[in-house]
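When I checked TrEMBL for this same protein, it listed these features:
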- 1-20: region 'Disordered' (REGION)
- 74-92: transmembrane segment (TRANSMEM)
- G80, V83, N87, N345, L474, S478: Na(+) binding site (BINDING)
- 104-125: transmembrane segment (TRANSMEM)
- 146-174: transmembrane segment (TRANSMEM)
- 232-251: transmembrane segment (TRANSMEM)
- 263-286: transmembrane segment (TRANSMEM)
- 306-327: transmembrane segment (TRANSMEM)
- 339-360: transmembrane segment (TRANSMEM)
- 462-488: transmembrane segment (TRANSMEM)
- 500-519: transmembrane segment (TRANSMEM)
- 531-552: transmembrane segment (TRANSMEM)
- 573-606: transmembrane segment (TRANSMEM)
- 626-648: transmembrane segment (TRANSMEM)
- 689-735: region 'Disordered' (REGION)
- 710-735: compositional bias 'Polar residues' (COMPBIAS)
Amino acid sequence: MPKNTKVTQREHSNEPVTESVADLLSLEHPMDYKSSQMSMGLSPGSTAPVKALLPSPDPDAEDGRPAWNNKLEYILAQVGFSVGLGNVWRFPYLCQKNGGGAYLVPYLILLILIGIPLFFLELAVGQRIRRGSIGVWNYVYPRLGGIGVSSLMVCGFVGLYYNVIIGWSIFYFFQSFQYPLPWAECPIHRNGTQAVVEPECEKSSATTYFWYRQALNITSSIDDTGGLNWKMTLSLLVAWIMVCLAVIKGIQSSGKVMYFSSLFPYVVLFCFLVRGLMLKGAVDGIAHMFTPKLEKMLEPQVWREAATQVFFALGLGFGGVIAFSSYNKRDNNCHFDAALVSIINFVTSILATLVVFAVLGFKANVMNEKCVVENAEKILGYLNTGVLSRELIPPHINFSHLSSQDYAEMYAVIKTVKEENFAQLGLDPCILEDELNKAVQGTGLAFIAFTEAMTHFPASPFWSVMFFFMLINLGLGSMIGTMTGITTPILDAFKIRKEILCVVCCIIAYLLGLLFVLRSGNYFVTMFDDYSAGLPLIVVVILENISVAWIYGTKRFMQDLEDMLGFRPYSFYFYMWKFVSPAVLVVLICATVIEMAISPAGYNAWKHLTKPSLLGSDRFQSYPPWALAMAYALIVVAMLPLPIVFIARHFSLISDGSNKLSVSYRKGMMKDISNLEEQDEQRFILSKNPSEAPSPMPAHRAYLGPGGTQEMTNTNYGTSTKTGYQNIGSPESEL
């Protein structure tokens with residue numbers, strides 16, 4: 001500060017300073033970061049500072065940084081990011097696989113233990129420090145600044161293949177504008193007067209054939225690239241243009257898009273639910289969903305998959321949550337936001353599961369009736385040829401109106417009488433429960449099971465258009481959050497035009513994404529989905545938790561939250577952040593590593609005419625050595641910034657990333673003090689007791705140091721003023 005300013009003159013004089021300035025300075029939590037002894041074994045004099053989260057490091061936090069137009073836009077953005085395709089096709093699959101209604105119990109428990117607390121943590125640090133993921137973790141603990149870089153890289157990997165799924169949905173969306181739907185029936189080839197059904201389609205199904213052969217035109221293995229699929233290449237281009245237009249203006253454009261992309265899927269889900277409940281067999285599907293298999297709750301695998309789903313459902317570790325919250329006002333109630341968005345996410349998963357099971361219940365009944373008809377024709381043939389005696393058929397059975405119960409009774413009689421030769425008859429049991437137990441996840445659910453069910457809907461093109469338009473919007477909402485998690489840290493670090501950055505990122509991503517629109521591209525999508533995000537994200541989140549709860553300090557963080565929110569969060573969060581969440585995450589990391597070690601690394605390859613014996617089916621195939629190396633390289637590359645940044649900053653090879661923030665904050669403080677001088681000269685003149693003057697700031701509580709006994713506060717301001725100024729600008733000493 002210049003020596004001739006009034007504030008400096010008073011600092012060197014015996015005149016006391018006004019309490020309002022003292023209150024302003026007290027928000028810094030004055031302490032010498034170089035001499036402070038932090039937890040996790042940091043010694044005095046460490047060059048890796050842990051700064052107070054309370055002061056905003058951005059001088060333009062209130063007037064220069066973009067901000068949400070209103071709270072609704074922000075909530076919709078967070079909901080759009082967290083509610084994605086996983087809610088529609090991952091959660092229902094896990095629910096079906098892991099005991100139906102019983103799966104909801106571990107999911108809810110883990111949502112409370114790790115989901116909401118860690119979501120609240122990310123919202124809080126982003127909102128208070130007002131930086132993207134890189135800036136936030138550089139500021140909290142520079143040695144772990146690699147957390148933000150790893151988040152950015154994972155966002156990049158996920159964005160590359162996630163937008164391909166939107167491209168697939170765009171392709172199906174435009175294919176839906178025709179009747180009948182192109183995947184409703186198998187193609188028929190004319191050979192003169194003879195009509196021949198495509199063998200590959202006849203062996204599988206019309207929807208399966210359309211997905212693998214017409215849409216993906218997939219090869220038989222990952223080794224055979226097959227060249228670009230031009231239809232999907234164009235669809236991917238459209239998808240990236242949509243994403244670019246949605247985020248090109250930052251939150252000013254993405255906030256507007258969220259009004260539609262976040263709300264429209266709920267309209268479609270409710271429409272599908274109402275329509276689905278009117279379908280025959282829908283009740284069977286929903287009853288199957290809510291029939292709990294309690295023995296499943298004792299299996300560790302169920303808890304691991306529930307924890308993973310909670311983890312990904314809220315978008316933890318991606319940086320999108322932090323980026324969105326960094327555009328909030330400092331006093332925004334992020335505690336309420338964390339609970340609200342988590343509840344909306346869970347309710348959406350339940351709603352989507354109801355829709356999926358209603359439709360799958362209808363599909364199961366259709367397929368079961370088809371099975372009954374086909375096997376009844378076989379039995380009639382055996383009766384006409386004398387293979388079976390008509391005495392085996394109960395007298396009340398009418399083949400022209402054969403129900404599932406009648407067929408089950410007839411099947412049981414024939415199986416009992418013809419026990420020795422029964423297998424030669426080739427009859428299927430046609431049990432509805434077996435159809436309902438066929439677990440379908442991911443692309444198989446959306447592009448095979450759902451499309452097959454919709455072919456039986458009245459006005460099937462309309463429902464198909466609505467369904468894939470919903471998938472596009474769900475994916476777009478998640479992609480906006482993913483792109484924000486990439487662009488916000490870059491914009492914070494480099495002052496470039498967001499429009500230019502957005503366009504460049506989308507062009508690069510499209511070119512790299514051409515890998516996924518090769519004819520073998522679906523295999524690479526599976527690889528990236530399995531390896532690029534799972535383990536790296538869990539490591540990122542546990543380091544986020546440790547850096548705040550153990551290095552910065554849970555007590556200090558809780559006190560900062562109280563100053564920021566105006567109330568003290570529940571002690572529940574203290575124990576979750578300090579003990580429970582880290583323990584659960586460590587167990588999750590161990591379980592993930594064990595799962596990767598014992599599970600064979602591979603993919604489901606689609607076999608077609610090159611393998612006549614496996615025509616129209618998919619078979620598990622191990623990755624070749626080069627593909628396996630690529631899969632593990634994704635994990636290594638995503639986590640590599642963590643040790644590199646730690647080592648580089650430990651040995652002072654690179655800047656700690658905080659100097660710019662500290663100088664900016666000091667400039668902002670000087671501007672605030674200058675404004676106070678101009679507004680009211682009398683605010684700097686007080687009696688000897690500062691408490692006699694009224695303060696516009698809330699009462700500031702003393703911070704208890706690491707030992708919890710010494711209050712680090714200034715009781716005699718006349719002797720502490722200079723120290724307070726030094727502490728505010730203390731990081732400048734490294735400039």
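Each residue, glycine too, has its Cβ placed from N, Cα and C.
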Which residues of the same chain, at least 6 positions away in sequence, have a Cβ lying under 8 Å from the Cβ of V83 (Na(+) binding site)?
S262, P265, I344, N345, T348, L474, G477, S478
Tell me which of the binding-site residues G80, N345 sits in the most Cβ-dense spot, judged by other Cβ atoms within 10 Å.
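That would be G80, with the most Cβ atoms nearby.
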Does the transmembrane segment (263-286) reach the transmembrane segment (339-360) with at least 3 CB pairs under 8 A, where each pair is 6 or more residues apart?
yes
Here are some binding-site residues: N87, S478. Which one has the most Cβ atoms within 10 Å of its Cβ?
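Buried the deepest by this measure is S478.
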Report the listed stretch (104-125, 306-327, 531-552, 573-606, 626-648) having the maximum count of Cβ pairs within less than 8 Å of the transmembrane segment (462-488).
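Comparing 104-125, 306-327, 531-552, 573-606, 626-648: 306-327 has the most Cβ pairs near the transmembrane segment (462-488).
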Show, in sequence order, which residues other than G80, V83, N87, N345, L474, S478 on the same chain lie with their Cβ within 8 Å of the centre of the Cβ atoms of the Na(+) site.
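Near the Na(+) site, beyond G80, V83, N87, N345, L474, S478, sit V79, F81, S82, G84, L85, G86, S262, P265, T348, G477.
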Other than its own, how many Cβ atoms are within 10 Å of the Cβ belonging to L474 (Na(+) binding site)?
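Here the count is 28.
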Please work out whether the transmembrane segment (146-174) lies in contact with the transmembrane segment (573-606), by counting C-beta pairs under 8 angstroms that are 6 or more apart in sequence and asking whether there are at least 3.
no
For the transmembrane segment (531-552), give me same-chain residues lying six or more residues beyond its boundaries with a C-beta closer than 8 angstroms to one of its C-beta atoms, as numbers and ranges.
38-40, 42, 50, 53, 118, 121-122, 125, 137, 140-141, 144, 147, 150-151, 153-154, 157-158, 161, 308, 311-312, 316-318, 577-578, 581-582, 585-586, 588-589, 592-593, 596, 631-632, 634-635, 638-639, 642
Using a Cβ distance cut-off of under 8 Å, indicate which of 104-125, 232-251, 339-360 has the most pairs with the transmembrane segment (573-606).
104-125
Cβ under 8 Å, sequence separation of at least 6 from the ends of the transmembrane segment (104-125): give me the contacting residues as numbers and ranges.
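For the transmembrane segment (104-125), the nonlocal Cβ contacts are 53, 95, 136, 140, 297, 302-303, 306-307, 309-311, 313-314, 316, 321-322, 325, 334-335, 337-339, 341-342, 346, 350, 541, 544-545, 548, 557, 561, 564, 569, 572-573, 576-577, 580-581, 584-585.
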Counting only pairs 6 or more apart in sequence, are there at least 3 Cβ pairs under 8 Å between the transmembrane segment (306-327) and the transmembrane segment (500-519)?
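Answer no, regions not in contact.
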Under an 8 Å Cβ to Cβ limit, what residues of the same chain, 6 or more beyond the ends of the transmembrane segment (232-251), are close to it?
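For the transmembrane segment (232-251), the list is 66-68, 73, 77, 163-164, 166-168, 170-171, 215-216, 257, 261, 324, 327, 472, 476, 479-480, 483-484, 487, 498-499, 502-503, 506, 509-510, 513-514, 516-517, 521.
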